[in-house]
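First comes the structure, then the notes that go with it.
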Amino acid sequence: MQAQIMNKIFEIFSKNNPKPQTELIYKNDFTLLVAVILSARATDISVNLATKHLFETYNTPEKFLELGEEGLKKYIKSIGLFNSKAKNIIALCQILIKNYQTSIPNNFKELVKLPGVGRKTANVVLNCLFAMPTMAVDTHVFRVSKRIGLAKGNTAAIVEKELLQIIDEKWLTYAHHWLILHGRYICKARKPGCNICPIKEYCEYYINTFSS
């Protein structure tokens, strides 16, 4: 995709939603990290429902250790992979207290050392908490970026690299939020809403599918 077209796409995203934010609901830095871990293979809606009451009482690593693994499971049992997620989160709390004085690390290498934190989770945390220009590639970002022509890769890691190369730095702080929201509400997997899409004239899928 040409840089000029890429810029047109993100100009439209920026005009329609200047400062998009994560739809995960959280109380502080720690609860955002927990929410992002829980969101793996789960929807933000399901995570928010599970954490609504959890975060009201338990919102620090110390309080999570008081709750314990079995106690945590009771709150998050509606979320996929809740057993392994509970185990990882409790282990993560111990490490945060011991090594980081309960603070969340602000660099990628330290974050991915934490239990339950992979590349995507680390990138989300760095972006949302520290405003770093990272590119967290989830299923929405992966699908949308390939469909509209921003990337061609067949893995999340390759797509991430492609997006960081093509997207102008001025857009990167919000780029993954725009792509996620576009995929969640307009460019859906099974039935993309091309009729309401604000960027369709620049989208490779739309041009190839509907242009005569």
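These residue numbers are counts, starting from 1, taken along the chain as shown.
Using the three backbone atoms N, Cα and C, a Cβ is placed for every residue, glycine included.
The annotation [4Fe-4S] cluster binding site is assigned in Swiss-Prot to CYS187, CYS194, CYS197, CYS203 on the grounds of sequence analysis. Under the heading domain 'HhH', Swiss-Prot lists 108-127, citing sequence analysis as support.
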Other residues with Cβ within 8 Å of the Cβ centroid of CYS187, CYS194, CYS197, CYS203 at the [4Fe-4S] cluster site?
ARG147, ILE148, ILE186, PRO192, GLY193, ILE199, LYS200, TYR205, TYR206
Which of the three DSSP states, helix, strand or coil, fits CYS194 ([4Fe-4S] cluster binding site)?
helix
By DSSP assignment, list the helix, strand and coil residue numbers for the domain 'HhH' (108-127), in that order.
13 helix, 0 strand, 7 coil
If you draw a 10 Å sphere around the Cβ of CYS203 ([4Fe-4S] cluster binding site), how many other Cβ atoms fall inside it, taking every protein chain shown into account?
23
CYS197 ([4Fe-4S] cluster binding site), number of other Cβ atoms within 10 Å:
18
Any idea what the model's mean pLDDT is for the domain 'HhH' (108-127)?
97
